[in-house]
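Read through the structure below, which is laid out as structure tokens, and then see the notes.
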Amino acid sequence: MDVRLHLKQFALLCFISLLLTPCGLACGPGRGYGKRRHPKKLTPLAYKQFIPNVAEKTLGASGKYEGKITRNSERFKELIPNYNPDIIFKDEENTNADRLMTKRCKDKLNSLAISVMNHWPGVKLRVTEGWDEDGHHLEESLHYEGRAVDITTSDRDKSKYGMLSRLAVEAGFDWVYYESKAHIHCSVKAENSVAAKSGGCFPGSGTVTLGDGTRKPIKDLKVGDRVLAADEKGNVLISDFIMFIDHDPTTRRQFIVIETSEPFTKLTLTAAHLVFVGNSSAASGITATFASNVKPGDTVLVWEDTCESLKSVTVKRIYTEEHEGSFAPVTAHGTIIVDQVLASCYAVIENHKWAHWAFAPVRLCHKLMTWLFPARESNVNFQEDGIHWYSNMLFHIGSWLLDRDSFHPLGILHLS
């Protein structure tokens, strides 16, 4: 038996080495995996276009207005001056107010300045408006918090402004608006914004149903647990819990609550997480979409104890709540029923099938471990806090292969 066990362990090590070989090749010199991708073609924004395509002060963009900052405010210390020599500040007030901004805004602006010089040699980024202390903007403008800038190029060539907008998006601004023929408006999330800390998770208080019918808080799930999930056709089944993509018991975040009335259910999850909704044009009748896209009148799939199948139920209302702790469980089938509502195990990218395919190595390793070590202690619950390394790696690979528009706006913050 010892010989067979050692052979199994040796086979596992060889298999893992084969899995990791492509990753090593990608980091090394030469051709193949390590070959540098051709720079993607950047598309200029159209006049009056804004990215992301939501209102500026919403969760998916720069977040809510938090109050005007004056020189006498306690929050004035949040503003730091930007003396980057590669940026021209108009400073028509002669107070250096335009140079004051939050750290996040400064970081994005400095990144954009480099992009501008690389794209148009000899041209610099120009800031016409930054922090405003004189009340020249609309009420609740993010200029009053040092979270917004209006920009042009140093040569004031209006034909460049569409591309300048695109470069600002690529630089990581949370909201970019080709606002006028005279400038581009860019803004960022607040430094302490709960929105800036949102990925794709459920609160720890959310519950799942185990194979024996009992309920269990998501935060207490352990490897070896079997929970209710569904296949691609929406049939309810029991699936193995494999791991947490994200495991954060302490951070306070903002969640979207999707509420139905008949029967009454509440699914609480972050904006970038995928949930299944009714779609008559899809072959299975359902499709996965970001929680932030769900609206009253849409239908979600609800499981009731009295029946074995999922029921299509109309969403009554959508609202937000803050909770402490967030967890993103992964099952062997890539789906999970949380608080009686069917959701995906994945987030950030709006394609459930792609995400599930990307986690195939994780599922395979789980099966191998079960086969190689059948006598190992079940219900192992140790996992370090934070985003799992495999998930983090996939995100960075995806960001290299796909356009930023392929990701949920909040998911892009992982790159910031």
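Glycine residues also receive a Cβ, built from the backbone N, Cα and C atoms like all the rest.
What you see is a predicted model, and the numbers here were worked out from it, not measured in a lab.
Database features, via Swiss-Prot:
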SIGNAL    1-26  signal peptide
LIPID     Cys27  N-palmitoyl cysteine
BINDING   Glu92, Glu93, Asp98, Thr128, Glu129  Ca(2+) 1 binding site
BINDING   Glu93, Glu129, Asp132, Asp134  Ca(2+) 2 binding site
BINDING   His143, Asp150, His185  Zn(2+) binding site
LIPID     Gly200  cholesterol glycine ester
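Taking the Cβ of Glu129 (Ca(2+) 1 binding site) as reference, residues of its chain lying under 8 Å away and at least six apart in sequence are, in sequence order, Lys90, Asp98, His143, Ala148, Val149, Asp150, His183. On a Cα basis, Glu93 (Ca(2+) 1 binding site) lies 9 Å away from Asp134 (Ca(2+) 2 binding site). Here the binding-site residues are Glu92, Glu93, Asp98, Asp134, and the one ringed by the most other CB atoms within 10 angstroms is Asp98.
For Glu93 (Ca(2+) 1 binding site) paired with Asp132 (Ca(2+) 2 binding site), the C-alpha to C-alpha distance reads 10 Å. In the three-state DSSP scheme, Asp150 (Zn(2+) binding site) is classed as strand. Between the alpha carbons (Cα) of Glu92 (Ca(2+) 1 binding site) and His185 (Zn(2+) binding site) lies a span of roughly 18 Å.
A gap of 14 Å separates the Cα atoms of Asp132 (Ca(2+) 2 binding site) and His185 (Zn(2+) binding site).
Here the CA atom of Thr128 (Ca(2+) 1 binding site) lies 10 Å from the CA atom of His185 (Zn(2+) binding site). Neighbouring residues of the recorded Ca(2+) 2 site, listed in sequence order and excluding Glu93, Glu129, Asp132, Asp134, comprise Glu92, Ala97, Asp98, Gly130, Trp131, Glu133, His136, His137, His143 (Cβ within 8 Å of the Cβ centroid). Classification of Asp134 (Ca(2+) 2 binding site) by DSSP places it in coil, neither helical nor stranded.
In the three-state DSSP assignment, the secondary structure recorded for Glu129 (Ca(2+) 1 binding site) is strand.
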